[in-house]
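Listed in TrEMBL for this protein:
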- Cys19, Cys22, Cys37, His41: Zn(2+) binding site (BINDING)
- Tyr83, Glu116, Gly117, His206: S-adenosyl-L-methionine binding site (BINDING)
- 18-62: domain '23S rRNA (guanine(745)-N(1))-methyltransferase N-terminal' (DOMAIN)
- 110-195: domain 'Methyltransferase' (DOMAIN)
Amino acid sequence: MPNDNAVGQYSALDDILRCPLCQHALQVDAQQRQWCCQQGHSFDRARQGYIHLLPVQQKRSKQPGDSRDMVMARRQFLALGHYRPLRDEIARLLAAHQATTVNRGAYRLLDAGCGEGYYLSGIVAASDGHQRGYGVDISKLAVQAAAATDKNPDIRWLVASNANLPIHDESIDGLLSLFGFPVYREFARVLKSAGIYIQVDTGEQHLQQLRQIIYPQIINKAAPEDSAPAGFQLLQQQRLYYSVKLTSNSAIQHLLSMTPHRHRASQTGLQRLSLLTELALSVDFQIRVYQRQS
Ligand SMILES: C[S@@+](CC[C@H](N)C(=O)[O-])C[C@H]1O[C@@H](n2cnc3c(N)ncnc32)[C@H](O)[C@@H]1O
Ligand SMILES: [Zn+2]
């Protein structure tokens, strides 16, 4: 697969990166080991290949974001392929948008809150060299896991916050927030004027059977609002609903551990779940596609 990610001062991937401290452009050295701005701030490439662009003064805790257990549980569960239809649907929506954009260079895709990289890795790999990916997460452990396994030179894995994206204004074509923590002001800033923003949230019936087991009473969350966030216009929304069957207790436990349910569930509920070796579940996703308003 041809790859124009030339090594040099501004590689095809790095030209949209900016310093999280002073917002000046970051330039990479010839070996792609260090990124520096004109104010002298510098950031090294970590052993696994990601860049740490979350300055200590922008951290609210020592180890922000998902823990190691959550990251590993998500990785094991996603590897089973149960959420593959969601990944395929997002790839399809992005490819349709890409086909309508008049682009010089590759389509730039940002996954804001990328976790251990399942969605971005698969989507960029399926684009056949036509997309460049930026995976941002505030959890170093999540980004480490992503970078350790995905060495695709068309993807930059970045430890950074959605609240202060180390990306220049109007440089992204497609932006994803999948079950994440959207910061619309930043998302509007980094998107190009014709860029799209895809947000995925869980729907009312999501994992209903699991919730019935672990809670004495299930409370369905209110349907998300219809209004578009400031700076965006809703283009389309759709529901992706299907059933899956988990066939081992470890799959059930991994699913539980990647959600907030593990900490919210009652002890008796957790006990009931620990005895199960299979579970049929409804999967319910709400997909919204927004366009940045110019
Ligand atoms: C529910 S997980 C979803 C991960 C991934 N999108 C997926 O669906 O597999 C939410 C992710 O958001 C990350 N996160 C939380 N706050 C963040 C922030 N301010 N900026 C970037 N990522 C953040 C967490 O570390 C975690 O990996
Ligand atoms: Zn700087």
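FYI, residue positions are counted from 1 along the chain as it appears here.
The backbone N, Cα and C atoms fix where each Cβ goes, and this holds for glycine too.
Keep in mind it's a predicted model, so treat the numbers as computed, not measured.
Using a 10 Å radius centred on the Cβ of Cys19 (Zn(2+) binding site) and all shown protein chains, the other Cβ atoms total 22. The DSSP secondary structure for Cys37 (Zn(2+) binding site) is coil. Taking CA atoms as the reference points, His206 (S-adenosyl-L-methionine binding site) and Cys37 (Zn(2+) binding site) are 45 Å apart.
With a CB cut-off of under 6 A applied against ligand 2, the binding-site residues Cys19, Cys22, Cys37, His41, Tyr83, Glu116 are reduced to Cys19, Cys22, Cys37, His41. Long-range C-beta contacts of Cys22 (Zn(2+) binding site), restricted to its own chain and to partners at least six residues apart, with a cutoff below 8 Å, comprise Cys37, Gln39, His41. Counting every protein chain shown, 19 other Cβ atoms lie within 10 Å of the Cβ of Cys37 (Zn(2+) binding site). Across the domain 'Methyltransferase' (110-195), the DSSP tally of helix, strand and coil residues reads 29 helix, 28 strand, 29 coil.
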